[in-house]
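Working notes for the structure below.
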Amino acid sequence: MTFQSHANLNHSAKLCQRVQQPRQQRMRLPAGRRSPGGSIGSSPTKGCPRPETQAPRKAETHAPNPSLPSTLKSTEVQVDVPTMGWMWQVGSNATASGSQAASASPRHMPSAVSTVANLYEDRIKAKKSLGQNFLTDDGVLQDIVVAAGVGPGDLVLEVGPGTGNLTKHLLAAGAHVTAVEKDDTLYGRLQDEYRNVPELSLVHGDALKVGLEEVIRGMLMQERQAAPPCAHPPAETCVAVAELATGPTSAATPDPEPSTSAAAVTPSRPNSTSGSRPGKAAAASNGDGGGSGGGGGGGRSRKVKVVANLPYNITKDLLLLLLPLGDLISDLHIMIQHEAAVRLTERTPGGPEWRAANIRTLFYSRPRYRFRISRVKYDPVPGVDGALVTFSLLPPGARPAVPSERAFHALVVKAFSERRKKMRNSLQPLHSSNQVEAALAGCGLNVDARAQDLTLEQFVTLSCHLHQQTVAEGMGLLRHPRQPEELDQDMGRGWDEA
Ligand SMILES: C[S@@+](CC[C@H](N)C(=O)[O-])C[C@H]1O[C@@H](n2cnc3c(N)ncnc32)[C@H](O)[C@@H]1O
């Protein structure tokens with residue numbers, strides 16, 4: 001992963017900055033007036049190091065939405081821009097001339113459809129392997145931002161900004177956005193477009209590998225350093241600042257899985273000396289949890305929102321990663337396949353769609369299906385409709401109390417692994433059939449129950465009963481429920497392995 005610190009642009013990149021025509025200006029031109037030599041990889045930029053300027057291999061790319069050219073006439077949309085001033089205000093760019101600034105309207109942003117068209121004009125094709133189906137409807141993008149409740153000063157993590165179309169709407173709502181993009185080319189373009197936008201930090205890398213938890217901690221630490229703690233923060237949207245650098249101290253998460261990321265990431269921004277956020281913030285990596293200027297560990301800071309039009313192939317892994325971060329994230333608002341969204345927001349057991357993922361989702365959050373997004377709103381057009389789903393994350397203390405979260409989820413996954421089997425069979429070899437029957441009976445459940453019959457609460461009770469049994473057996477309080485032959489087999493296995 002590389003983190004885009006605009007202030008840390010290397011020397012050659014700075015040279016590029018001087019010779020390139022600012023992308024902002026090119027994006028404002030109507031499509032018909034664009035210079036054929038205006039692509040990133042051509043003319044004035046020759047010789048400057050840029051990531052991946054050639055088009056990707058054909059097999060990896062989607063066919064563009066054929067309806068796109070006909071909609072290109074509308075190249076701008078009117079957006080209410082908060083007091084920060086809009087990024088397309090060319091005058092804010094030190095390399096832009098005064099006359100350019102005067103002619104640019106800060107209240108306009110390029111339309112989503114024209115941004116995608118610009119990609120194609122620059123011979124950049126959407127990559128299937130990265131799930132690149134770009135939203136091209138500013139109305140939908142605006143609806144997402146409104147549904148996510150994004151407002152001025154909110155901290156938003158966006159995964160897969162791609163064209164920046166959703167990013168623009170988030171920024172227009174006044175959010176401070178940190179966006180993680182894996183694609184080299186799109187990351188490079190965003191880097192160019194937003195280099196003078198202190199409200200956006202870009203992270204280059206795979207969202208599943210960059211260490212998102214540390215990225216989020218960095219966002220919160222930076223926020224903490226920039227401003228004093230809010231006087232009356234709503235409890236559900238706050239996190240104890242002392243926990244930011246060190247992780248949660250609550251005993252409610254008995255077995256937090258260790259973070260795999262290498263280092264905390266702390267955004268730094270250009271030209272932000274007088275802005276609401278600092279240019280540099282190193283405390284996240286030096287462990288200064290209290291914040292040198294922020295008044296000690298008693299203060300509280302806000303939590304982060306996650307808003308993303310996700311590539312469908314990373315939805316599951318990203319949810320596994322983010323759902324347990326209810327101490328840092330208030331809510332996730334993500335676009336996923338419509339059918340998957342319906343399944344994931346199911347709350348009642350019994351149906352064939354009731355899965356381990358439902359139990360896990362409800363354990364960590366309150367999911368809500370928000371609205372369907374027609375496939376024709378994307379380019380290239382995917383084979384399925386999308387949907388916006390909101391997950392309101394539960395802070396660790398509000399989750400169901402289980403002896404071990406890891407053991408609980410292992411139990412649920414095992415129970416659903418053979419859905420047609422009764423749990424006294426599917427849970428073997430984690431637990432013997434006798435153990436499972438005893439535990440089910442102890443919970444007041446049918447001993448023939450299958451996984452799809454149980455609610456989250458019933459799984460929680462079952463896991464507690466099984467845990468108590470295991471502890472009691474360990475202390476010799478219960479007769480071992482396994483049959484003598486099974487024990488003999490275990491013993492034999494042990495000897496063989498030795
Ligand atoms: C569905 S597109 C969304 C683009 C844009 N946000 C929009 O709404 O039009 C998904 C984006 O995620 C990026 N992406 C794919 N896999 C990723 C990963 N593992 N980590 C970060 N970004 C990823 C793609 O390059 C692409 O830009």
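Quick reminder: no glycine exception, Cβ is built from N, Cα and C everywhere.
Binding site for S-adenosyl-L-methionine per TrEMBL: Asn133, Leu135, Gly160, Glu181, Asn309, plus Asp206 from the candidate set Asp206, Asp448, Asp453.
In this view, Gly160 (S-adenosyl-L-methionine binding site) is surrounded by 24 other Cβ atoms within 10 Å of its Cβ, with every protein chain counted. The local packing around Asn133 (S-adenosyl-L-methionine binding site), expressed as other Cβ atoms within 10 Å of its Cβ over all shown chains, amounts to 25.
Around the Cβ of Asn309 (S-adenosyl-L-methionine binding site), the same chain contributes Phe134, Leu135, Ile144, Gly160, Gly162, Leu166, Ile334, Met335, Gly386, each under 8 angstroms and 6 or more positions distant in sequence. Counted within 10 Å of its Cβ, the other Cβ atoms near Leu135 (S-adenosyl-L-methionine binding site) come to 23, all protein chains included.
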